[in-house]
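Here's the structure, in structure tokens; my notes come after.
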Amino acid sequence: MNEKDMIQEIQNLKKEKNAVILAHNYQIPEVQDIADIVGDSLKLSQEASKTDAEVIVFAGVHFMAESAKILSPDKRVLLPVYDAGCPMADMVDAKALRMFKDKYPDIPIVCYVNSSAEVKAESDICCTSSNALKIVKSIKADKVLFVPDQNLGSYIKEQVPEKEIILWEGYCITHHRVSGTEVEAAKKNHPDALILVHPECNEEVVKLADFVGSTAQIIDFAKRTEHESFIIGTEMGVLHQLRKDNPDKKFYLISPALTCYNMKKTSLEDIYNALKHDQYEINVEEEISKRALVSLERMLKIS
Ligand code: 13P
Ligand code: SF4
């Protein structure tokens, strides 16, 4: 099937099955363009919780589809590529959190949505990169455990000195590997450009940035500022929307290493197969799902 026919078939199947396609900002351009909604983790969770569709095709990684299923347990949630995962989400597990809670029962746990349903179930509240500051500030305790992203955690820690934030040692393999030296080199090549980075980048990169935010916040910032050139410190998938929104502005990726292999696994054909064969259905064990829902709903209420 050629691309044009495949796009038409996807549209037909979507209608026939009453499906909605949600895609993260890191997906390949063709997948972003076929999606009904493209956004950051927060927006996609909000949309998953309120959609009328019977089927949600989640073009993203496993924890995102799992969160959609927890938020909409009566819908069929499909992850087009069964092994599209997030290495950072695998850096913390429920057993480790239970051990922590046995030792420190009074310390609330904030978990980044990039985590498994089991981890969400053991946590007090979830957050995304766009609302982490608000969520941590909302907690009525002096000490907080933040899992699993040490970089997002330390970025928040800087802004909430009144709390002791204990950091887990997880990190995003894509963002963490960018160095301050690479940012400085990009700035030397493009001295007039503003540096926009994701808080999953390490501390030395975040310190050099002019703006730090989630994928959607970066896209929004570039659109509303009058500046004409930007150095981008997040996964290269955002360049698609940035260039679509701002055809006259220039965007330079800090490093080609800002490519998340898992986010790039989903093709148009995978979306077609997902709809055609109802694959791969995501389910979450009921007891875990109910407890994880509490953490997700607390987040959505504050966001
Ligand atoms: P958001 O900024 O869209 O929340 O993305 C974070 C991320 O790394 C998704 O994997
Ligand atoms: Fe996970 Fe990083 Fe890929 Fe996001 S970019 S899915 S945090 S590995």
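Glycine is treated like the rest: Cβ placed from N, Cα and C.
In the shown protein chains, 28 other C-beta atoms lie within 10 A of the C-beta of Asn114 (iminosuccinate binding site). Among the features that TrEMBL reports, iminosuccinate binding site is placed at His24, Ser41, Tyr112, Val113, Asn114, Ser129, His198, Pro199, Glu200, Thr215.
The [4Fe-4S] cluster binding site annotation in TrEMBL covers Cys86, Cys172, Cys260. Of all Cβ atoms in the protein chains displayed, 22 besides its own lie within 10 Å of the Cβ of Cys260 ([4Fe-4S] cluster binding site).
Of all the binding-site residues listed (His24, His198), His198 sits in the most crowded Cβ setting, with the most other Cβ atoms within 10 Å.
For the pair Glu200 (iminosuccinate binding site) and Cys172 ([4Fe-4S] cluster binding site), the Cα-Cα distance reads 6 Å. Taking all protein chains in view, 27 other C-beta atoms sit within 10 angstroms of the C-beta of Cys172 ([4Fe-4S] cluster binding site). For Tyr112 (iminosuccinate binding site), the same-chain residues lying six or more positions away in sequence with a CB closer than 8 A to its CB are Met88, Cys126, Cys127, Thr128, Ser129, Ala132, Phe146, Val147, Pro148, Asp149, Leu152.
A separation of roughly 7 Å, to the nearest angstrom, links the Cα atoms of Cys86 ([4Fe-4S] cluster binding site) and Asn114 (iminosuccinate binding site). For Cys86 ([4Fe-4S] cluster binding site), the count of additional Cβ atoms within 10 Å of its Cβ stands at 23 [all protein chains shown].
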